[in-house]
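Colleague: Following this message is one structure expressed as C-alpha cells.
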Amino acid sequence: MKRQLILEDGTIFKGNGFGSETGVIGEVVFNTGMTGYQEILSDPSYCGQIVTLTYPLVGNYGINRDDFESITPAFSAFVVKEVADFPSNWRSKWSLDEYLKMKNIPGIAGVDTRKLTKIIRQHGTLKGAICSVDENPLEIMERMRATKLRSDQVKQVSTKSAYASPGRGNRIVLVDFGMKHGILRELNERNCDVIVVPYHTTAEEILALCPDGIMLSNGPGDPKDVPEAIEMIRGILGKVPMFGICLGHQLFALACGADTAKMKFGHRGSNHPVKDLKTGKVAITSQNHGYTVEEDSISGTELEVTHVALNDQTIEGLAHKTASAFTVQYHPEASPGPEDANPLFDEFISLVEKAKQGDANYAKA
Amino acid sequence: MPKRKDVKSILVIGSGPIIIGQAAEFDYAGTQACIALREEGYKVILVNSNPATIMTDTEMADVVYIEPITLEFVSRIIRKERPDALLPTLGGQTGLNMAVELANSGILEECGVEILGTKLDAIEKAEDRELFRNLMNELGQPVPESDIIHTLDEAYKFVEQIGYPVIVRPAYTLGGTGGGICSNEEELIEIVTSGLKYSPVSQCLLEKSIAGFKEIEYEVMRDSNDNAIVVCNMENFDPVGIHTGDSIVVAPSQTLSDREYQLLRNASLKIIRALKIEGGCNVQLALDPDSFNYYVIEVNPRVSRSSALASKATGYPIAKLAAKIAVGLTLDEMINPVTGSSYACFEPALDYIVTKIPRWPFDKFESANRKLGTQMKATGEVMAIGRTLEESLLKAIRSLEAGIYHFELKDSANFDDAIIEKRIRKAGDERLFYISEALRRGVTIEAIHEWSKIDFWFLHKLQKLIQFEEQLKNAAFDGELGRKAKELGFSDKALAKLWKSNEKAVYLWRKKAGIIPVFKMVDTCAAEFESNTPYFYSTYEEENESIKTDRESVVVLGSGPIRIGQGVEFDYATVHCVKAIKEAGYEAIIINNNPETVSTDFSISDKLYFEPLTVEDVMSIIDLEQPKGVVVQFGGQTAINLADGLSDLGVQILGTSLEAVDRAENRDKFEQAMLELDIPQPLGRTAMSVEQAVAIATEIGYPVLVRPSYVLGGRAMEIVYKEDELLHYMENAVKVNPEHPVLVDRYLTGKEIEVDAICDGETVVIPGIMEHIERAGVHSGDSIAVYPPQSLTNEVKAKLVEYTQRLAKGLNIVGLLNIQFVVSKGEVFVLEVNPRSSRTVPFLSKITHVPMASIATKVILGHSLHEQGYESGLVPEKDGVYVKVPVFSFEKLRRVDITLGPEMKSTGEVMGKDITLEKALYKGMIAAGMKFKEHGNVLLTVADKDKEEALTLAKRFADIGYQLVATSGTASYLEAAGVKVKTVGKIGSEGPNLIDQIRGGKAQLVINTLTRGKQPARDGFKIRRESVENGVPCLTSLDTAEAILRVLESMTFSAGAMIQPASRKEGVLV
C-alpha cells in the first residue's frame, strides 16, 4: 500500500504503509534513540505526534508484552526507513506492523528519514499528514493548514479516575499528566504506596490523601495548556516534598513564577548529556520534550537551576530554594534509554523520609 | 577539569609490527594520540619498532624512536629522555604488557615516570584472569563458571566438574593465541598444553562454553571525573565461540530490545568505573538469546581493534579523546570534533548500519586450518556503511577483494549438501557464503539456525536476499526492481549476472534511469546537530549531502583490508599522497574501506568516502566529484587493479600511464622492453599450457621459478628443481590457460637487491638501494633487507643505479617504481618492476629523509623533481646500518608451513638500526620477537644440497659454545667433517626423537631446510610446526641462520683453547 507523508512546507515523502491505513495530521518530531521504539510508541507524551525514528531499522525485536509505557498508545503515526517484517527476540509477541494494525495507528516506511530529520532540524517542528498516495497533496496541505492541532492532550491521556498501586512504604500521590509506567514502576520498586490521580485533581483533594510525597509525571504538549495543574502545585508546594519529571518539571516552573517556551525541534532521544551543576558530573539521559523552562525567567523566583543540557545549555533541572521540591526535564525512569539518572528516585525518597523525620521531630518538640 | 600541568613530557608506546591480532588499528590510535597530546602542548616521545607506520614519522612526535619494544631498549629510552609520564593504552597488548614489565622492573619508580590513563592495578585486574574474576564477583557481574589452571591435571579436574565443551583462554596473550574450544580429551590436551606454553605466566582460564549466546561488545569511555559513556555497541553476527576479531560484526546491535541494551550498558559502565580507567575500554558480553541472563566475557582496558572500528563506525575519535582524558581533560569540556558544536560527553546516535567482515589469509595459506574459534586468524578487516543491513553487508562483501561481488559461494556447484552443512556448523572463513548456498538450495532458516545459532533476524534478511534474486532474474532492467536491488546493496556486477548482461551495460542503464546513489554524512548524531565532517557513505535514497566544491579535486584510492602482501605500508603511502595533494592546492578525496587505518580518519583528507574499492563504487564518487583524475599507485594492487576499468569509463589515471603499467606487468611486453633497453633478465618464457611449461623449463634448465602472471605478494610462486615437481605444480597450484598464463623463469642463485625510485620522465631519484640477507628465491617481503648494501662493489652499485634510471625512463614511469634485481656472479639481472609504491617506501623514506610518496605525488600532479629540488641519481648513503626484519604470525595459523619461499608469508616488519650490521640485526631480530640464548642446542636438519653450506655454519655455532644436535643424515655428514654433534632419532624412530627434543625445551634454535617431494618434506613440516608451537626460532634459510650467527658471534666472546704445540716434548723446557 503506497502512502505519502506530506509536510506543511510542501515536501512529500512517498513510502509503503504499514500498521493501519487511516490518515492522520500531526506535529512531526524525530527521536534519535537506536532502540526503544516500543517504549516510544506507548509514551503518552507523544500524544498526537507523528514520530520519525532516525535509526533506519525499526521493529527488529518486535513488540513484547512487557515494555509498554502505557496501555494505549497515544501517538499518531510512525515514519521509518524500514520496518522489520521478521522480528527476532525471545520476548517478541507481535511485529510492529501487527501491533499498529491492532491499535489502528498508521506507519509509513521507505522514507529517507535522515532527509526528514534535517528538514525538522532546519525548519523546526512542523505539521505533517500521512495519507494514501492517491490523495491530492494540495488538498491535504490545505486541510493541514486549516487543522488546529489539539491542545488538550493531557486530558486525553491522563487517567480518568484515581487508583491505587498499594505498597507498605511512603505514600506518594502521583499526578498523571500522561504518565509513563516507568515512573510508577520505580516508585513501586521502592515500596511506595502509590495513588495515581487525574491531572485536574486539586491540591485539597491530594492533601486529603495524606501523602508523604507528590510526584508530578511527564505528559504531552504545552504546560500552559494545563492551568489547573499549576494551581494545584501552588497549593501543595512547601507542604509535601515534590518531584517532577518533564511536563511535571515545566508545570512546577510555571507554578513558581518562571516561564516556558516552545523549542525549535526539542530533545528526543536516549543520548542527551545533562550536567549536574552541584557535582559537575554528567549523566546521559533519556529525553522527550518540545518545551523548555526559560533561563532568564528564573531570576526573581525561588528556583535554582540544578541541571543543564550540556549541548545547548537549556535548563534540565530545578530545585526550590526553600520548599522541599525538585524537578528534572529528562526521564530518570529511562524506558527507553540510559538509567544513569535513576538515583534521582532515591533522592526523592530520602527527601520524603527527611521531611517525615522533620515532622516527627516537630511533633515531639 | 583542566589538563595536567605537572606533566610535561609523555612517552607513548606503539604496538610494534603488524601481526595477527594487532594490526593497523594501533597506528591509527597511536597517530591520533600523538596529535592530540601535542595539540595540548605536551612533549611526545614515541617508541615503536614498526617503520611502516604513520606514527613513526618524525613529524608525529617530538622525538621518535624506532627501536625494539623490549625492557632493555625502552628502559634505555626512559633513562635518556626522562619522560614525566607513560601512556601505555594506545599500543595494544604490546604497549600494555610493556608497561607492566617496565613497572615491575622498577625503572618507572626509579625515573619517576607516572602511568597515565589506566593504572597498573587496573591493567592487572582486567588482564589477570583470577583478579578479573574476583572483581566481577565483587561487582555482582556474572562470569561463566571457570577455573584458573596452571597444569593439565588441573584442567582435567575442572572438566570433571563442568563437562565439555570448555574454552581455554591463556593469560596475557594476544588475539587469543594458544586458546580454543575443547569438546573432548584429545583437544583438551592439545589446547591446554599449547595455551600454557603461550601464556607468559603459564596460566590459562578454563571456562564453561557459552557458545551460541549472542556476542555483544560495548566501547566505553570514562574520564577522571567519573563521567562514563558508551561510544558504540556492536553485535556479532557469529554467536559466542568465534573470536570477535574473526566474527562478522554489525553496529549498532540489531536484535536487542532497549531493556537488553541498557542491561549490558549498565554492566559495561559499572566495570569501567570499577577499574577506574581514564580513557577507552572494550567490554565483551554474552547474552542468552532466550532470557536476560548474560555473562561478561572479557574486558580490554585500552583502545583496541574494536575501538578503531567503533571510531570509524560512529565518527567518534576514541583514541584522540582517550589521550586527552589521560592528561586530565574531562569529556564534558571537550568539543565533539565531528559536529564541532556539541560536546564529547554524549553517546553517538547512528542512522545507518555498519558491517565489518574480517579478511583472512587463507587465500595464501591453502593448507591452513580454516576453522574459526577463540584464536584470531584474520589479518585485517573491511567495513561498510549502508541504510539497510543488506546494503551494508553486500558492500562489505565486495570490499573484501576476494573475487566475490555478491552474497554467493564461489564454485558453489562443487560442494555437496553434507559439506555445506558441515561448513555452517563448524565456522570457517567462508561460512557466510556457505549459508548463501544453503539458502539457494532451499535449506530452511530454522535448519541453518540450528547448525550455526546465528540469530533468525540475520538469517531471515539473508533468505529474503536470495528470494529477491529470483524476482530479479525475470525482470531484466526493470526500473522499480532495479532500484530496490540497489537499495539492498546489489552490485552492478551481481545484477549483470542475474540479467545475463554485463557490468558496464547495467551501469550505463542505471545512470540513464537515474538510479544513482546519494552520499550521506557520518556525523555521530543522526543529523540532530549540524556538522561539517567530510565523512560520507553511499546509499540509494533521496537526499545527497556530499556537495562538490569549486576546488579542483584529486581522488586517491586506498589499499583496502590489510592482508599478507599488502600491509600498512600502503596506507602509509596513501596518507602521504593525500597530504601532498592538499599541499599542492587540490582538494584531496580518499576512498577506502579499512576501518583500522590512518587513511580512513576523516581528518586526514578533505573528503573521506568509506566505500568498497570496486569500479562501480568508485565511479559513483567520480560521477559526483568530477575530479582532475585518480591516483592509483599508492593503494597497492587493489588500486592498480581498478585502473583499467576506470580508464575504460573515461577516468583520467594520474601518473604512470596504463600502457606503461601494462608494459611493466605483462611478461611479454616487459621482456620486449628489457631487450630494447638492453637490460639483462633471467631467461624465461610465458607458458599457456602444461606441455609448454615443461618445454620451456627443459630449454632454460632447472631450477626454474614458476608463477601465475599478475599476482600479489608472490602468490602461488614456487621454485621447482625437476620436471615431476613442475608437473605437480602445474596441475595443483595453478590453472593454466591462455587467459591465465604461467611464467617460467630460470632461477638464479644470487644476492637479491631492491631499489625504489621516483621518476618524472626526465629525472630519476633513487633514495636508496637495499640488499637482502636471504638469497633470491625468498620473497622480498619475507627477507631481511639491509640499507645501505654491505656487500656490493661500487661497480655493481653503479650498474644498479644506471639500470634503474634506464628502466624508469624506458618504461615511462611517472611517480614511484620498485625494482627487484638479482646479482649473480657479479652480473646484474632485473627480476621484476612494480610500477607503484612498494612495501619499502616507508622504510626508505624514514632512513633517507626523502619523503618518497609525497614527492611522487607532486610529480604526478606535474611538479618535476628538479622543481622540487632533486637531481637524478642515488641519494648519498646515510651513516649507520638499517635492517628491515619481517615478522610472521605463524603461531596463530595452524598447519601453515613456515618455510620461506617466493610466496610471501610475513604479516609485518620491524626496523633495527645501529652503527654496525650485527648490532642492527640484533635489534631487528629482538624487535621481531626473537630471543637470543647465549648457549644451548642448535638442531640441524638440512637438505642434501645445503649440507656443505650448513657445515660451515655448524662449525661456527660450535666455536661459540653451542651444542649441535642433528638427525643421522646431517649428523654423520658433520661428524665426517670433524664437528662434534649429538645424534637424535628422526620422527617415528624408536626412543626419544627430535620432536621430543623440541618439546622438551632442549632446542634453542632449529635450522631446517627444505627437501622437496619426499617423505622428509612432511617430516620437515612437522619439525617446523613443532618449533613454532613451542616458541623455538626456526630458520628455513641458511642465510638467515648466518645472519643470526653473526649476531651471536658479535655478542659472545669466543672460547678458543690455546693452540697445542705439535709435539709436547718440544714445548717442555728441559
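From the backbone N, Cα and C atoms, a Cβ is placed for every residue, glycine too.
Just so you know, TrEMBL annotations never went through curation; they're auto-generated.
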Colleague: Given that TrEMBL annotates A:Gly219, A:Gly221, A:Leu247, A:Gln250, A:Asn288, A:Gly290, A:Tyr291 as L-glutamine-binding, name the residue from A:Ser20, A:Ser42, A:Ser45 that shares the site.
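Modeller: For the L-glutamine site that includes A:Gly219, A:Gly221, A:Leu247, A:Gln250, A:Asn288, A:Gly290, A:Tyr291, TrEMBL also lists A:Ser45.
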Colleague: Other residues with Cβ within 8 Å of the Cβ centroid of A:Ser45, A:Gly219, A:Gly221, A:Leu247, A:Gln250, A:Asn288, A:Gly290, A:Tyr291 at the L-glutamine site?
Modeller: A:Gly178, A:Asn218, A:Pro220, A:Asp222, A:Pro223, A:Cys246, A:His289
Colleague: Please work out the helix, strand and coil residue numbers for the domain 'Carbamoyl-phosphate synthase small subunit N-terminal' (A:1-131) from the DSSP assignment.
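Modeller: Result for the domain 'Carbamoyl-phosphate synthase small subunit N-terminal' (A:1-131), in helix, strand, coil order: 26 helix, 50 strand, 55 coil.
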Colleague: Say you check the Cα of A:Glu333 (active site) against those of the recorded positions A:Gly219, A:Gly221, A:Cys246, A:Leu247; which is nearest?
Modeller: A:Cys246
Colleague: Cα-Cα separation of A:Gly219 (L-glutamine binding site) and A:Cys246 (active site, nucleophile), in Å?
Modeller: 7
Colleague: Tell me, how many other CB atoms lie within 10 A of the CB of A:Gly221 (L-glutamine binding site), whichever protein chain they belong to?
Modeller: 27
Colleague: How many whole Å apart are the CA atoms of A:Tyr291 (L-glutamine binding site) and A:His331 (active site)?
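Modeller: With distance taken Cα to Cα, A:His331 (active site) is 14 Å from A:Tyr291 (L-glutamine binding site).
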Colleague: Where A:Asn288 (L-glutamine binding site) and A:His331 (active site) are concerned, what is their Cα separation in Å, rounded?
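Modeller: That separation, Cα to Cα, works out to 8 Å.
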Colleague: Cα of A:Leu247 (L-glutamine binding site) to Cα of A:His331 (active site): how many Å, rounded?
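Modeller: Rounded to a whole number, the Cα-Cα distance is 10 Å.
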Colleague: Counting Cβ atoms within 10 Å across all protein chains shown, which of the binding-site residues A:Gly219, A:Gly290 comes out on top?
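Modeller: In terms of Cβ crowding, the pick is A:Gly219.
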Colleague: Between the Cα atoms of A:Ser45 (L-glutamine binding site) and A:Cys246 (active site, nucleophile), what distance do you get, rounded to the nearest Å?
Modeller: 9
Colleague: From the Cα of A:His331 (active site) across to the Cα of A:Gln250 (L-glutamine binding site), what is the distance in angstrom?
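Modeller: With the alpha carbons as reference points, the distance is 13 Å.
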Colleague: Considering Cα atoms only, can you say which of A:Gly221, A:Gly290, A:His331 is the nearest neighbour of A:Cys246 (active site, nucleophile) among these recorded positions?
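Modeller: For A:Cys246 (active site, nucleophile), the spatially nearest of the recorded positions is A:His331.
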